[in-house]
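The structure appears below as structure tokens.
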Amino acid sequence: MSGLIAYCRQGFEPELAAELRDRAVLLGIAGDIHAQRNHGFVLLRCDPLHVDTLLQQLHWRRLIFARQTLRLHAELKTLNSRDRIAPILAALPKTPCFGDLWIEYPDSDMGKPLAGLARSFGNALRPVLRSAGRLSAQLHPQWPRLHVCFLSGDHVLLGSTRSVDSAPWQLGIPRLKLLPEAPSRSALKLEEALITLLTSNEREAKLRPGMRATDLGAAPGGWTWVLIRQHLRVTSIDNAVLRPSLLNHPLVQHVRADGFRWTPPRPMDWMVCDMVEQPRRVAERMAVWLREGWCRHMIFNLKLPMKKRWDETRLCLERFETQAVVPLTLRAKQLYHDREEITVYASNNAR
């Protein structure tokens, strides 16, 4: 068996399946896609000769609805609860030796009850793998990492990935803590966007103290709060009121205005937007900001409809890129802290 395992948000398996299918077709690769709603993952089975290409081109950062992508090695069903280890050892590829082991389960109603089993099984499997020469004694991030994903007590997927090519969090979920002083939970969305959509080098270069940013539809101020923690000067646009702690902050200027109509008096380094509005309207307005040179970098959310979400996502991003005109770096992801939405990062490469 060969192919890809991709984790996703529960309920978005059809969107991920459609995205994988469309992108595989563009690569000229045929594959069999298995997806069941609310299971939290999708399988793409294909010819072994095509797996490396898929892993390179369908990198987790490039896929919108995937939290993690793995090389699929085996699917084991009807495992005996008294000895799950022997069949797993037998099903592993002869090479390589793995540098780390993650025991996982889908982030779904079906998968979450397996968390306890995953913890205990990892403690049992790890020493056996080391004794068999299949797992390094010490962590080796540069070696492939073995993933054992429990779908039930007797049903397991075996996969692997290289650390440099994968999401650095188990289940593809960054564990962020909402601080008491955060104005709203939406702060977690922007925090996750910054660590998911930008590399560490990009964050260092593009989020420098003293830079200027605009937060459209800012109230109550969750995204503004994240930006000032990066020491950016923020103009917060909203007719509603910000939290008092932000109103009195020296890095914050609150302007009572409609976020869709307001224009900056001078170019900004950043613009962020988490307004509840039709996704096509948001995409078009965001394109104006780049086309007019009002900002260089932006992060915004697109609230998706209940149906045809992949089609709407593709349409909005194509419309945004076309109308922005300028050469772009464009990345989008459905984040763990998103709901029925995706988060988009765009940067003007001409400036």
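Backbone N, Cα and C atoms are what each Cβ position is placed from, and that goes for glycine too.
A quick note: this is a predicted structure, and the numbers were derived from the prediction, not measured.
As recorded in Swiss-Prot:
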- Lys303: active site, proton acceptor (ACT_SITE)
- Ser186, Ala219, Pro220, Gly221, Gly222, Asp238, Asp258, Asp274: S-adenosyl-L-methionine binding site (BINDING)
Between Pro220, Gly221, which of the binding-site residues has its C-beta surrounded by the fewest other C-beta atoms within 10 Å? Pro220
For Asp238 (S-adenosyl-L-methionine binding site) and Lys303 (active site, proton acceptor), determine the Cα separation and express it in whole Å. 19
Taking Asp238, Asp258, Asp274 as the binding-site residues to compare, which has the smallest set of other Cβ atoms within 10 Å? Asp258
What is the Cβ neighbour count of Ala219 (S-adenosyl-L-methionine binding site) at a 10 Å cut-off, with all protein chains included? 21
Give the number of CB atoms, excluding that of the residue listed as 'active site, proton acceptor' itself, located within 10 Å of its CB. 17
When you tally the Cβ atoms that lie within 10 Å of each candidate's Cβ, which of the binding-site residues (Ser186, Gly222) has the highest tally? Gly222
What three-state secondary structure does DSSP assign to Lys303 (active site, proton acceptor)? strand
Provide, as an integer number of angstrom, the distance between the C-alpha atoms of Ser186 (S-adenosyl-L-methionine binding site) and Lys303 (active site, proton acceptor). 14
If I take the alpha carbons of Gly222 (S-adenosyl-L-methionine binding site) and the residue listed as 'active site, proton acceptor', what is the distance between them in whole Å? 17
Simplified to three states, DSSP reports Ala219 (S-adenosyl-L-methionine binding site) as coil
Do you know offhand how many angstrom separate Asp258 (S-adenosyl-L-methionine binding site) and Lys303 (active site, proton acceptor) by C-alpha? 18
Please report the distance from the Cα of Ala219 (S-adenosyl-L-methionine binding site) to the Cα of Lys303 (active site, proton acceptor), rounded to the nearest angstrom. 17
